[in-house]
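As recorded in Swiss-Prot:
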- S10, S16, Q17, S18, M94, Y95, N96, F97, T138, R139, G140, G141: FMN binding site (BINDING)
Amino acid sequence: MSKVLILKSSILGGYSQSAVLIDHLASHWETQGAAITVRDLGGKDVLPMVDGEIASGLRGGAELSARQQEMLALSDTLVAELKANDTIVIAAPMYNFTIPAQLKNWIDFIARAGVTFTYTETGPKGLVEGKRAVLVTTRGGAHKDGPTDHVVPYLKTVLGFIGITNVEVVYAEALNMGPEAHDKGMSEAKHSIDQLKA
């Protein structure tokens, strides 16, 4: 049985197009027997914003404040959750040409030297290996493979850095370019999702 971690990151609630697609994917994969865990980073599971105190605490050490200890424990939980699943599904709506701050914050909590990556004499090495990632990205315009897409290249870089190089992408484009374009973009994305195996 495949274990799947789904990360939602939209702040739009019921208006979220990425949430519609993620729910479609979850329903599709549940029929295949996948065990799914959902973390709603833009809703009920929003994380504290990583600031200087938290960033310092995530490096560990003997003299941590109570807040740093709490945030380090949270980071450990998020990393354990990441490592416990076979597939990571990331809902990545494009906000002002990049990912939501809530998703970037999750990355800041899990990207830890000595925990999810390490530095060697030959360069960095990811420690979260043998995983698969699926990116579901929604955008109002058409940006795929263009210079304005800072979502997919960035996420592929981050995932590769921690060891996840098997990355598939589902695009839903031109969603704000009229009703016909919206319906076409969502339909094509759902079709792509239907081809994915859990």
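Including glycine, each Cβ sits where the backbone N, Cα and C put it.
Features recorded in Swiss-Prot, as mapped to the structure shown.
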| residue | record | Cβ contacts under 8 Å, 6 or more apart |
| --- | --- | --- |
| S10 | FMN binding site | S16, Q17, S18, A19, G42, A91, P93, P100 |
| M94 | FMN binding site | T137, T138, R139, G140, H143, D149, V151 |
| N96 | FMN binding site | none |
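Summarising the environment of G140 (FMN binding site), the number of other Cβ atoms within 10 Å of its Cβ, over all protein chains shown, is 18. Taken residue by residue with DSSP, Q17 (FMN binding site) is part of a helix. Largest Cα-to-Cα span within the FMN-binding set S10, S16, Q17, S18, M94, Y95, N96, F97, T138, R139, G140, G141: 17 Å.
Least packed by the Cβ count within 10 Å, out of the binding-site residues Q17, T138, is Q17. T138 (FMN binding site) falls within a strand segment according to DSSP.
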